[in-house]
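Pulled from Swiss-Prot, these are the features on record:
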DOMAIN    10-68  domain 'TRAM'
BINDING   C81, C87, C90, C162  [4Fe-4S] cluster binding site
BINDING   Q265, F294, N299, E315, N342, D363  S-adenosyl-L-methionine binding site
ACT_SITE  C389  active site, nucleophile
Amino acid sequence: MAQFYSAKRRVTTREIITVTTDGLDAFGQGVARHHGKALFIAGLLPGERAEVVLSEDKKQFARGDVKKRLSESPERETPRCPHFGVCGGCQQQHASVALQQRSKAQALCRMMKREVDEVISGPAWGYRRRARLSLNFTPRKPGLQMGFRKAGSNDLVDVHRCPVLVPRLEALLPKLRDCLSSLDGVRHLGHVELVDVTSGPLMVLRHLKPLSAADREKLECFSHSEGVALYLAPQSDTLEHLNGEMPWYESDGLRLTFSPRDFIQVNDAVNQQMVARALEWLEIQPGERVLDLFCGMGNFTLPLARRAESVVGVEGVAALVEKGDYNAGLNALKNVTFFQHNLEEDVTRQPWAQQGFDKVLLDPARAGAAGVMQHIVKLKPRRVVYVSCNPATLMRDSETLLAAGYRTVRLAMLDMFPHTGHLESMALFERD
């Protein structure tokens, strides 16, 4: 959710106030009222009373730090992760999953001015199938640090456990740490990316200087013994495949291959449900043509092609368009065409834009889809499904559809990232 702030107003006094929170924002901050404005307090849950020290005071809102909690919510939980509160990855492990989902759904409801019809969720723990861990070596203790950044800082939190990772990746952490620590070039490592999909786990190791033959041999031994596909990244845009098959995952009975650097949804369980719900909402009929904008490598496009007469996918990243074409052939889908085009530019003269479509699906990045909304209206599709990772731009873009006579038929909150402040959603719009 987008928030816009002016320059900080320094608090010159360390006044202690006592407040009771009456809500939780989508980021997991407690919300109270102080002098008629919102007071945001990290770590405090709805209904909890606390002594708070103001850390920031502005015209429309303020922020405070808990000095002493005076009461405890029944929805407060003990965080599972020993790094919670320091690591910047999660913000809400202290709140029950039900409270997290309810607060996010309420935030979405306020922004869209409509009740949320459902919350689409999966396991709250062990859901994250992709992670990037920073690496830093110091000659003295602790030696190799491997982990995530602190909240609001570039400092590294040395992570030994991460309960939001899928179990196979979390179990890999200590063995991976031992392997990397043993390398002669350990001081020249940048980060390691871990991915776990249907084909198995993989790792991408970014190294800043060439690795010795001995180090490469150690990494290959680790790859074979742990069953982990291995890629090296000597440059930020270069990959060297040392071991293991090309990664792939299953979706809607299809096999989707991808490069380790390609975007895939982090939460497989919610992604599967999201695709199924989009197909259900669109109600594809025989003979219909469907347009999929911001299509990536075909996460929605290919399942749509199994049902529609024909599907067009449009994506700005050339590598993803190539992967979409490859996956269409791999799955023997001959009724789908992919186009590369920057959807932030004028689309009206593009070949695909001259065609007619019965239904449209779009899944833009956080910036939304302002550049194509008017063209979608001109196409006059009967139904539009908008998948969003930013409710602020969903709200903005939906105004174009509503002004053109569409109505919001369904609204769902996607709990894609439990225990974090990320709020994702999807909406169905229909034209009478």
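A Cβ is built for glycine as well, from the same backbone N, Cα and C atoms used for every other residue.
Taking the features listed in Swiss-Prot, we show where each one sits on the structure.
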| residue | record | Cβ neighbours (10 Å) |
| --- | --- | --- |
| C81 | [4Fe-4S] cluster binding site | 18 |
| C87 | [4Fe-4S] cluster binding site | 20 |
| C90 | [4Fe-4S] cluster binding site | 24 |
| C162 | [4Fe-4S] cluster binding site | 24 |
| Q265 | S-adenosyl-L-methionine binding site | 21 |
| N299 | S-adenosyl-L-methionine binding site | 28 |
| E315 | S-adenosyl-L-methionine binding site | 25 |
| N342 | S-adenosyl-L-methionine binding site | 12 |
| D363 | S-adenosyl-L-methionine binding site | 22 |
| C389 | active site, nucleophile | 19 |
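Separating the Cα atoms of C162 ([4Fe-4S] cluster binding site) and F294 (S-adenosyl-L-methionine binding site) is a whole-number distance of 31 Å.
A Cα-Cα distance of 8 Å separates C389 (active site, nucleophile) from D363 (S-adenosyl-L-methionine binding site).
For Q265 (S-adenosyl-L-methionine binding site) paired with C90 ([4Fe-4S] cluster binding site), the C-alpha to C-alpha distance reads 18 Å. For the domain 'TRAM' (10-68), the DSSP counts in helix, strand and coil order read 0 helix, 36 strand, 23 coil. The average pLDDT for the domain 'TRAM' (10-68) in the predicted structure is 89.
Among the binding-site residues C81, C87, C90, the residue whose Cα lies closest in space to that of N299 (S-adenosyl-L-methionine binding site) is C90. With a cut-off of 8 Å between CB atoms and residues at least 6 apart in sequence, the same chain places V314, E315, G316, L343, L362, D363, P364, A365, A369 near F294 (S-adenosyl-L-methionine binding site), listed in sequence order.
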